[in-house]
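Colleague: Structure incoming, see below.
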Amino acid sequence: MNTVLAQQIANEGGVEAWMIAQQHKSLLRFLTCGSVDDGKSTLIGRLLHDTRQIYEDQLSSLHNDSKRHGTQGEKLDLALLVDGLQAEREQGITIDVAYRYFSTEKRKFIIADTPGHEQYTRNMATGASTCELAILLIDARKGVLDQTRRHSFISTLLGIKHLVVAINKMDLVDYSEETFTRIREDYLTFAGQLPGNLDIRFVPLSALEGDNVASQSESMPWYSGLTLLEVLETVEIQRVVNAQPMRFPVQYVNRPNLDFRGYAGMLASGRVEVGQRVKVLPSGVESNVARIVTFDGDREEVFAGEAITLVLTDEIDISRGDLLLAADEALPAVQSASVDVVWMAEQPLSPGQSYDIKIAGKKTRARVDGIRYQVDINNLTQREVENLPLNGIGLVDLTFDEPLVLDRYQQNPVTGGLIFIDRLSNVTVGAGMVHEPVSQATAASSEFSAFELELNALVRRHFPHWGARDLLGDK
């Protein structure tokens, strides 16, 4: 066992007390990204090593692996703690997204080590989708590169507001303050093009030598700021989901017996309490919350992020993919939306194609009406294209087979994030972030009932040879 972990358990008074203490620590999810060979895996290995999160057998194995696959001569190659795939060790690069967990006395952490190569952009986007902070590594010898800009853009596109720019390999530039200042100014000039109100920090460090990672560097007396670990431990993440409107996507209808009917899922945002009036979309039927059932028993009130089962006072028709929200909120269903897409398939995305999509437990079909532009993520310019290639990022117009209830991704990632699924292979081929829902269903709802709209979508989906027109716009 890790001796530090054993000491912590002893100090807490046993395993059970230690586990309870861990549960009450805040959790920070962050990723490391940057250009190839900037030292991302080495940095994570250094964090694990200096916070004493490595077990004795892992340390022994690391000594042996460093001799066979290491790139640091006689020193320990800490990157091998993270690069687990054989291909990664042989090439000395990161390919897959590697997740690691560690904790300190102040906070728990989940790290996503993402690849730096451009052909693995889809892997990087996958890792960033669940993170709240991004560490952007920059090689002090090379400065801000195109891949640095690319990863910065993807991180902000996926809703990350906290960026830590770690200027690595300071030992190779003699710990020069001038180099640090120049790179800092270059990045701030570029960051002015990034969307959103960002919190950007800068830390000069050497992942290989451990300078300013978990302890203050004696080689850089000119830097008086926080170490990287101190930044991670103290950064305040604004989790605003509790203050947002209630969103409860139904994942499962729970019917264990004739006397119980509950709707299970995770509360995506807001809060819900017993007695609250709620509305079911897209049907619009209203009811009251009779019970809130959790693993620990019934609760009177729950908040965003909790897995719950809601029991309503009325027996109404609710199925997987329906959305519950506060009854007094007006959220119209939409038939179309503009979506920021990260394409992940060899076959490019082209106008006219149809895909199955999945969003907040709801599975339906969407057609690509057009591609407005592709983003050149090396310089953040937009260009017109006929299709979106592998690893391409662009703004795409979609039309759905049925009205959906959507939020902008920046407002709610659960009800604003979707995936594209190939209808033949059932493989996930793309990820989408709702840029702007296009309210068309509202205008048509006065002319057609919800049943007529659903029947129309059903006929067009299964009997296209009938030539039925789209009631929401004859598309």
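Glycine residues also receive a Cβ, built from the backbone N, Cα and C atoms like all the rest.
Residues or ranges marked as GTP binding site by Swiss-Prot on the basis of sequence analysis: 34-41, 113-117, 168-171. Under the heading domain 'tr-type G', Swiss-Prot lists 25-239. Annotated region 'G1' per Swiss-Prot: 34-41, in sequence order. Taken from Swiss-Prot, the feature region 'G2' covers 92-96, and the record attributes it to similarity to another entry. Per Swiss-Prot, region 'G3' is recorded for 113-116. Annotation comment: Swiss-Prot describes 168-171 as region 'G4'.
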Colleague: Per DSSP, to which secondary structure element type does MET170 (GTP binding site) belong, with helix, strand and coil as the options?
Modeller: helix
Colleague: So which one is it: of the binding-site residues GLY34, ASP37, LYS40, THR114, MET170, which has the fewest other Cβ atoms within 10 Å?
Modeller: ASP37
Colleague: Using DSSP, break the region 'G1' (34-41) down into helix, strand and coil residues and give each count.
Modeller: 2 helix, 1 strand, 5 coil
